[in-house]
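First comes the structure, then the notes that go with it.
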């Protein structure tokens, strides 16, 4: 029932139980641990249980009282067991109801339980129920209330009052049919049934019904029959009050507050609520069609005035209900159990809250204080809230009760006073501690003693000094704050003393340097989906280095990485890594650096911003013919303020969403982010609309909201528009063809939509003949009307107007002018030829011909101009092109080309000139000219044939950089597809970029190539690590053509890469040196030359001329069958730096053949077979290991080099694959050989075969090496060395 304390030392019950072991003389007054509720219901002849359980030393005794009279146990009531005071009763009756209370005593005081009201669960009958039903004759449209006075029923929470109905004359066995609440029909809190207005269907028999679920029965009151009376004319009625919750309404804190208003009226009023002067509570709910305002758990701040309003088309009426929220008593300070000793003092305080303010009343051992014998050592304070004791003795042991009560009930609390005499015994002795500087520490010295023990502390034998040390005189605990690293370390000793003895204890304090976060995380703002990292590190005391642990919190809670899959901690750096950050990752992230003695924190904010969430609860507020309004709930902005909203609509005509336009229909409607009222939008009649809303913030657009649940169906009306793009498309001679763009369904505005086409023959400025009207049914995408049997090129005036079943368009139709269809022109120009006086070139020329009479009769309609048609001779179908010479446009220049105005459009001369472009240059062309009207061409003129001069070439084909290096680049290209003449060569311009990324024309250079067959070039003397734009032009006799450009960057400044080469003997006294592989090196040289001398000769090296475009060299005139040392030198593009290859030995003639003899010897073949078997065994072992999940070292190295052996398509070791036999097509063209070089001849292949070390397939006709194209040609596998298994490899390199 209450907590315990020593005065002045504080102890718990558990401590006293320990004391029992230490001293058998300890006593404890009774403490009630289980008691019955304040109210308990029972069913007649049922069982009743009343619990009462208490503790104490010695064991307590139990007494029950009913209505303040002791209850005899063992007659009707019996004990549940002998260890508790719980009792039970079988076969309970109405005589057993009353007030029950448990009293517990053990000779050291009496504790009492709260009083329990025992009540019978029952449902009494309705009083004075008439057998004959009561009839209510009411006019249709009038209000009516059927009253109900429910009988007594217990328990209340199991009682339900409702109305039921049957048809008059029905049998009782028809069952109970509950009346269902509607906006028109409802009942109040007392059970009265209200009709806002009577209708004819209310002709029923009604009964007030009360149901008690606990006793499983219900009872009905007298019947009422409503007899509605018809009236000639039912008039609407303004709202009137029928019922409201009695005011003021009083509820208790945390209880349900239900306010209700019912109004009559016709039409049935709607009910709304507001709180006067304050916002409505956030938990408020509106039930029963708005008639009820429910606050599920009322709070004090919910008290106030609430106004309900009934409203219909005839008016409004409002009522005010005052809500008072009060409270049953509750303790703000309970009296506590006190364990004290002789001569000590004790105090008990009791405070309570509630509304109204509770009254405090004290009891001792269950007896009101005013009825207890006065004691000189006991004083009740003037405010009645405390009882103080002085100079205690063992006879003062007792149990006090504090009762606080007001009009809503009472609360009761027991607290005992226990008086003991004991020497100090340990409860919590001091223990060693380790702390960091600046921390605090507590050394306990808690003892069990009566009277209380006095505690003193020393440090290393010296008294404690300074404000940082404090001793709690109630518990003896020593507190040290802001620990000093050096001064506070040592041995602390305490001594607890009372008049019965003393008790010493000691503990050691070890100190450490404080942990400090040396690298703090920094605040971050990131967009959704990005990654971010928080760094953190700390410095610690050397003794705690191994104990340092860094953890992370999110919003104050340690991160559960299993529940946060996108958040991880780097175990090496302790950094917190958040991948694919989401909005809900926005939080405060705290780095916690912990050791065994202290911890410290540093925090940073992460804000993840994203597009807003989709708006919710989009509803249509109004839906009229041409306007409507919608409302929605604002979504979460996701850490970036919402800027605006867009409304989208979808009609029943198509499954497509459109942005709603503003009132002018020109721009999208945007809604401010701070809107607070329904948004008005423009609508069209006779359309079914569905709406949705999109929010936008600084990041972008949200997902669309869910569409409105209800469809907005606008009523029909006249069309407001007419068709657009009304036009004359008359093409067939004598036919007038009117066309227009059909109108969208949402512009029809009603059913039965069609078009009214009106027309007459004539002109706009002439006297108008009667209109001819034709109704045209709407067919989607087909707005047209044909009027036939008219003379060609007859003028017409026409218009098109929209109409539907409600009438014609509210907007007048615009008049248009046109002509009936034209016929083919009858004349052809004469004297057609190229005008020699005008300048011309390969693609353009000026033609001349004689004018024609352009009257409509000759032209067949509107004279548009002339059409020149040309083609390459004998290639009409494949090369035909046309060029129109347009002299006037329809309809702007209508009738301008006649005899009166002819000279205004052209010169007085009878000659017409026309300039034609896009001719075929350097070609034999044929051309003629024709007259044009709007739709037809006339007969062609006499053909004219001539030869066009040479033209400018088109751009080259593919243009790429094939070899970038530090001081040069190599470029390659394809010839232009359109040469347009004789190709003369090329020009290459290259310009560097400056440091700011801009072209620097002042450093432009040009390379001229006069050989039209050359398609590769090296641009040298370039700056290293510099970006260049390179453009190439093809040239013909007409000049330079269209350019094609590319950009590249030279490599950083470094010497050329070391050349890789191999040598091959070409007979007795000649060899071939090939360094083709070097062109693919990291920084290839621009030119190469070969150095050679006989092996063993220390004299000067022989050198060849430099090679620029060829990557091989044949060297002849050597010593027959000799040995030669060879190396290749690569020269940079600026000619400054050179790099030599490794030196290799090349064998010529018979020496190479002897090596071959070795390779064919039996012993050599045997060794090779053994090696092959060993290699096979090694392969099998590796494959087994690999299949078991292992990766042998070669596999890992291949991975590091970017080659995945698992993805090898052909398998095996690529170095040992045979070269394909048909790779000649892949051989690149070599550059022309130098004049002093000897080309290998086809006749020499036989002599090379004699030596067995030369594969004729390795060289092409001009001697360039093609071995690199044999073997495995797949990227990344070419080594540039000869096949390691070939005899030539064995015979060439020693």
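Backbone N, Cα and C define each Cβ position, glycine as well.
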Range annotated as region 'Disordered' in TrEMBL, from 1023-1044, 1045-1066, 1067-1088, 1089-1110: 1045-1066
Of the ranges 1161-1184, 1185-1208, 1209-1232, the one TrEMBL annotates as transmembrane segment is 1161-1184
Contact count check, CB pairs under 8 angstroms to the domain 'Ig-like' (424-510), set 30-121, 239-324, 329-418, 955-1055, 1056-1151; argmax is 329-418
DSSP residue counts for the domain 'Fibronectin type-III' (955-1055), split into helix, strand and coil: 3 helix, 48 strand, 50 coil
To the domain 'Ig-like' (30-121), which of 127-226, 239-324, 329-418, 719-823 is linked by the most Cβ pairs under 8 Å? 329-418
Can you give me the average pLDDT across the domain 'Fibronectin type-III' (1056-1151), rounded to a whole number? 92
